[in-house]
């Protein structure tokens, strides 16, 4: 089998398993997937928490699968597959052999972000092919200056901004590279980069208009969730903590390299002091790799150092798409391996452990765990029960459901009526809501827990409100997890409160 076919088989098998295992075994989708489906039902130009691309794709998958929720797992698998394809293509463009490109894919596949988080299709996962693709098209644009590559770069940049604003970090790194190095100076004298920029700006313009119309609600949400420094120690601890987490997330890569190199291989590398991937390696490609592997991370660390902000570890997901290529390049792999078969065996064993843990979590966790989990939540059963209650009580279809995200988003996803999620009964958090239509159709308020009173935000709008009904819904798996306690109240048409304390009865 050629290295190219081996890479296709290896990466293809992993992606297929990441699509099938959760599709067959997860009783309920993970948190971000459920949330994305609820947003996607509106097909808005933006949402409170993120730009809309993840939600749009989930809604498209919902429609294509006949109203099923497994499409999110396949979207994750496709995102990872596209990431692998761009990593392979970039490695080959840089002069690496097929065998070296194969190992770049293998080493990438054992980093944390390409394993456990994959089933939860969210903007972080969707950024993986965006970052890998933008780096690839920029590299090819620098050397070949084909207009198609610059247009593709602009399209991906816009796609990335529709996914998560974090991609602006990569856009900035690309722009800075063009300004700093001679290869960039030459290309700036040609129309390609400006076509890329214009393409991105034209495509992102509708979302920018939406941001203006909603007073930049997504940025306001991000600012409200930002954890600033509490003292001087945070300025040191938070960036070091983020860096340590990213190093730890490469644990699988380190294990595979150590297995392949062995003591003799490590000693030989240290003795030679030579770090050059192939005879085709040149200074520009080496500089390109180092730049895009280090600049985004450096900016995040310096920002955290300056502000003391605690950046979430998962934000590092797309920043390390070059880790495999970088490792192959500078360690001269697989030539430096003394035991390449052992390295591949360790990589495969790591994948078996990861899939085993995922299968175990889905199938056996309820048998021993008492803490409730998202993927075992009885979302479909709860949605069916509440829909039936609404129809019985009102004789109409359920159009709106209000409450916390998890309670309402599951109903939006699984109810046959597909009601809109009126998040926290707060128009500022639900800009897609037409309040006049809510007033005309009524709303069901839902919350979980033993407390008969709703959350404080809803209680402000309905000071006298208590649960009209309550029921238990057992978690999937029939184990030790306590049931979900679901409270509900129907607010009939014409009685929906607009602002806090707008209704006193």
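Backbone N, Cα and C define each Cβ position, glycine as well.
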For the record in TrEMBL, which of the ranges 48-67, 128-147, 288-307, 368-387 is the transmembrane segment one? 288-307
Leading stretch by Cβ pairs under 8 Å, where the reference is the transmembrane segment (343-364) and the options are 7-26, 247-268, 288-307, 313-331: 247-268
Taking residues 6+ outside the transmembrane segment (313-331), which of them lie with a CB under 8 Å of any CB in it? 83, 86-87, 90-91, 94, 96, 100-101, 103-109, 111, 113, 117, 124-125, 127-128, 130-132, 135, 166-167, 169-170, 242, 245-246, 249-250, 253, 257, 261, 269, 275-277, 281, 286, 289-290, 292-293, 296-297, 300
